[in-house]
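Student: Here it is: the structure, laid out below.
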Amino acid sequence: MSLFRRGETWYASFTLPNGKRFKQSLGTKDKRQATELHDKLKAEAWRVSKLGETPDMTFEGACVRWLEEKAHKKSLDDDKSRIGFWLQHFAGMQLKDITETKIYSAIQKITNRRHEENWKLMDEACRKNGKQPPVFKPKPAAVATKATHLSFIKALLRAAEREWKMLDKAPIIKVPQPKNKRIRWLEPHEAKRLIDECQEPLKSVVEFALSTGLRRSNIINLEWQQIDMQRKVAWIHPEQSKSNHAIGVALNDTACRVLKKQIGNHHKWVFVYKESSTKPDGTKSPVVRKMRYDANTAWRAALKRAGIEDFRFHDLRHTWASWLVQAGVPISVLQEMGGWESIEMVRRYAHLAPNHLTEHARQIDSIFGTSVPNMSHSKNKEGTNNT
């Protein structure tokens with residue numbers, strides 16, 4: 001029998017019906033269990049070769065293969081998070097047994113993970129201080145969250161069918177398309193009010209975001225070696241950008257002023273905390289430390305004090321883009337400044353500056369044969385007649 005051991009783990013090694021050699025760890029230290037797995041694998045290989053059956057694959061096996069083949073993905077951590085959710089429902093299940101009904105049933109149970117994490121921190125803090133922790137109430141996940149999880153399992157099962165030949169037919173999964181929400185942006189006076197309500201270092205981060213349009217992760221992870229103050233430029237490396245392309249950032253005077261205030265705070269990171277804080281477990285954090293891009297407590301407090309609602313940090317990027325478009329910056333230039341991969345992603349700002357369409361809109365005037373008088377002039381004339 002082609003069964004051997006390396007260290008304490010048993011391995012299977014045998015020749016497949018097509019003449020190829022099969023060798024695989026059986027993942028067990030027990031010889032009897034290893035023998036059973038060996039015989040099962042050998043029998044399955046014979047059925048696949050002689051009877052044309054599709055080999056069985058567990059959901060865990062598919063996930064492991066996916067992670068191995070997609071190891072280069074920048075968003076691999078996102079895939080791992082989605083795998084974690086689906087494993088709660090399909091662990092130990094054969095791919096062929098995963099149906100559309102089971103998938104849709106599982107996705108309805110997904111909840112807002114950030115909401116749960118925040119509650120756990122609150123619960124831990126309350127218990128430590130001898131207080132009664134709040135009752136946890138699950139918060140439904142957003143449509144966009146459900147869509148990304150469905151897109152992942154759809155891609156995984158398609159790969160199992162089309163690439164790995166481990167599935168006869170993948171389930172047909174319809175992914176909901178989140179509605180395009182309006183672009184949320186601030187008027188200059190609102191932005192100034194928000195900045196005034198922010199405390200350092202958040203204040204500098206917000207100012208820098210409004211002056212450069214950079215994403216929060218790019219700002220928080222910005223290093224001094226990525227900045228040339230003399231040339232007034234900064235750059236985001238390809239592996240740091242969403243589009244996987246390097247982004248050159250032209251630094252205006254506002255951005256340079258913000259950067260100069262950060263000089264001397266840290267040898268590596270541009271934006272850092274300079275005061276110690278108490279962690280949920282009661283320990284103290286270092287006085288000078290890198291900022292967290294997912295810390296929202298100070299941000300939410302500043303929004304509340306400024307009286308600004310329905311506004312995310314990423315909307316600062318929308319605000320920056322909206323201001324530039326309204327100032328006459330061409331869409332193509334904005335695309336390059338913001339590092340967007342396609343022009344389609346920038347067109348959502350085009351409606352904010354329709355001035356280039358005015359000449360075309362005037363073609364209707366020729367149909368009526370008359371020009372419309374200036375509205376302000378008409379109002380003045382009416383006021384004179386009434387007098």
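Keep in mind that glycine also has a Cβ here, set from the backbone N, Cα and C atoms.
Pasting the relevant annotations from Swiss-Prot:
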type	residues	note
DOMAIN	57-161	domain 'Core-binding (CB)'
DOMAIN	181-362	domain 'Tyr recombinase'
ACT_SITE	ARG215	active site
ACT_SITE	LYS242	active site
ACT_SITE	HIS314	active site
ACT_SITE	ARG317	active site
ACT_SITE	TRP340	active site
ACT_SITE	TYR349	active site, O-(3'-phospho-DNA)-tyrosine intermediate
Student: Could you check which of the active-site residues (ARG215, LYS242, TRP340, TYR349) sits closest to ARG317 (active site), going Cα to Cα?
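Tutor: Of all the candidates listed, ARG215 is nearest in space.
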Student: Roughly how many angstrom lie between the C-alpha atoms of LYS242 (active site) and TRP340 (active site)?
Tutor: 8
Student: Counting other CB atoms within 10 A of each CB, which of the active-site residues ARG215, LYS242, HIS314, ARG317 comes out lowest?
Tutor: HIS314
Student: Which number gives the other C-beta atoms within 10 angstroms of the C-beta of TRP340 (active site), all protein chains shown included?
Tutor: 19
Student: So if I measure Cβ to Cβ from TYR349 (active site, O-(3'-phospho-DNA)-tyrosine intermediate) and keep only same-chain residues at least 6 apart in sequence, which ones fall under 8 Å?
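Tutor: Sequence-distant Cβ neighbours: ILE183, HIS318, ALA321, SER322, VAL325, ILE331, LEU334.
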Student: Is it possible to list how many residues within the domain 'Core-binding (CB)' (57-161) are helical, extended or coil according to DSSP?
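Tutor: When I sort the residues of the domain 'Core-binding (CB)' (57-161) into the three classes, I find 72 helix, 4 strand, 29 coil.
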